[in-house]
Amino acid sequence: MDNVVSEFISDELHEECGVFGIYDLAGGEVASSIYYGLFALQHRGQESCGIAVSDTNGPKGVVKSCKGMGLVNEVFNPDNLSNLHGNIGVGHVRYSTAGASSVENTQPLVLNYVKGTLALAHNGNLTNAPELKNELSYTGAIFQTTIDSEVIAYHIARERLNTPNVESAVKNAMMKIKGAYSLIVMSPRKLIGARDPFGFRPLVIGKRDNAYVLASETCALDAVSAEFVRDVQPGEIVTIGADGIESDTSLCIQKPARCIFEYIYFARPDSYLDGVSVYNSRIMAGKILAQMHPCEADIVVGVPDSGNVAAMGFSLESGIPYGMGFIKNSYVGRTFIKPKQSVRESSVKIKLNVLKEVVNGKRVVMIDDSIVRGTTSERIVRMLKTAGAKEVHVRISSPPFLNPCYFGTDVPSCDQLIAHNNTVEEICKMLGADSLGYLDGERLSELIAGDSGYCDACFSGRYPVDPPQDDIRGDYDK
Ligand code: SF4
């Protein structure tokens, strides 16, 4: 091991959640498919997870669920999975960006009300959740969680009292809630998928034999051998019932605002989001970096995992050889359970090793997806230099973070963003790097084949939806 230098890394960004739903119209059991689907979406949330299932041919409104803190393979085992009988179900993996990290806040939420039972899985953050929660509280609602997803569930349940079917209730609730949401709702006889009109978070439809699948990313469809059918459009509501799939696009708008950072960092590179390969997006980001910030170097290395593909793009464009500079220890999921800043700064998050044989005596281009507070990047640059790198040229496959995100990620407030108060030259010095270059915000659309319907608010400050007056993220329970 003397050719390896070790250091502990923190300061990673997190996606809030991943969602998965399946309805087997032929009556087959679905719990194990949800388990494997969630497993494929584990990168979107590692704090807690859950599955709720029902039998559409059994007594109406009987839902069996199992939820807990931890990774999918920590919460579920053959015993508890075998108790989850049913042919319709929904699953969720969570990282908390609003509401505490606790077992009460795990999803899917299961709600019993006069019309039966609803189970709901939500990815995103509402920007008007406190107002809506107040409104509901004053009319007698009692909340059992501190997450904004419960506000959505309540609204759907209330609307259902005055609407002919559950999809109309979802639509009416969507006209009240604001912000980012990709939803999967299970009613006794239907599975519903809905995406907010801006489409911040992804949601795709798949099919396997007689079963329809809804999932955050296509990699989860692959995991259960379902074929990709199409993306749920921003603003669309899809209803899967005994007669197949129906669509309501009346809430769709002209210009969506998909999260561009899904392509840069959050999503898995083997996924396709809204018709674009995440892998190709990252290759393109690396190529753009090589064009805009070229440098003389001997090797290009990516910071695992999301920096690796962009590093290959940089190598392809520049002709500088690509090398594996780091080994990432993947067995650290439990340490992500406590997301608070105080814990984040003191606890070990990721263990990363530099392969000294790869970088020793070399001029290294180091590609990473972003710099948040700068602590991680500074450590990695130091690790490379300790391992013998002669020069370290840092290239970042996103523009500088200048603003927080209110749409389902934990990009933090301005005072915690190193680029908000420092110039690129100052940041370069703070990192101890020999040069630093970021992706140009003007070229972000090239990552998604020239489409302009994306959100880049954390870089540009152009919020597609008015941000909440107070930063409610993490304080929603107060
Ligand atoms: S603000 Fe940034 S992280 Fe948040 S949705 Fe927009 S692009 Fe994505």
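Cβ atoms here come from the backbone N, Cα and C positions, even for glycine.
For reference, TrEMBL has these:
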{"type": "DOMAIN", "residues": "17-243", "note": "domain 'Glutamine amidotransferase type-2'"}
{"type": "ACT_SITE", "residues": "Cys17", "note": "active site, nucleophile"}
{"type": "BINDING", "residues": "Cys259, Cys405, Cys455, Cys458", "note": "[4Fe-4S] cluster binding site"}
{"type": "BINDING", "residues": "Ser306, Asp368, Asp369", "note": "Mg(2+) binding site"}
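Between Cys259 ([4Fe-4S] cluster binding site) and the residue listed as 'active site, nucleophile', the C-alpha separation comes to 14 Å. Confidence in the domain 'Glutamine amidotransferase type-2' (17-243), given as mean pLDDT, stands at 94. Each of Ile264, Tyr265, Gly302, Val303, Gly307, Ala310, Ile367, Ser370, Ile396, Ser397, Ser398 belongs to the same chain as Ser306, Asp368, Asp369, is absent from that list, and has a C-beta within 8 angstroms of the C-beta centroid marking the Mg(2+) site. Annotation note: Asp369 (Mg(2+) binding site) sits in a coil segment as assigned by DSSP. In this structure, Cys455 are the recorded positions from Cys17, Ser306, Asp368, Asp369, Cys455 whose C-beta falls under 6 Å of some atom of ligand 1. Taking the mean position of the Cβ atoms of Cys259, Cys405, Cys455, Cys458 as the [4Fe-4S] cluster site, the remaining same-chain residues with a Cβ inside 8 Å of that point are Phe200, Ile260, Phe261, Phe407, Thr409, Val411, Asp456, Ala457. The residue listed as 'active site, nucleophile' has Cys405 as its nearest neighbour among the binding-site residues Ser306, Asp368, Asp369, Cys405, Cys458, going by CA to CA distance. Between the CA atoms of Cys458 ([4Fe-4S] cluster binding site) and Asp368 (Mg(2+) binding site) there is a gap of 17 Å, rounded to the nearest whole number.
The Cα atom of Cys405 ([4Fe-4S] cluster binding site) lies nearest to that of Asp369, taking the binding-site residues Ser306, Asp368, Asp369 as the candidates.
Sequence-distant contacts of Ser306 (Mg(2+) binding site), defined by Cβ-Cβ distance under 8 angstroms and a gap of at least six in the same chain, are Ile264, Tyr265, Pro269, Arg282, Asp369, Ser397.
A strand conformation is recorded for Cys17 (active site, nucleophile) in the three-state DSSP classification. Counted within 10 Å of its Cβ, the other Cβ atoms near Cys259 ([4Fe-4S] cluster binding site) come to 28, all protein chains included.
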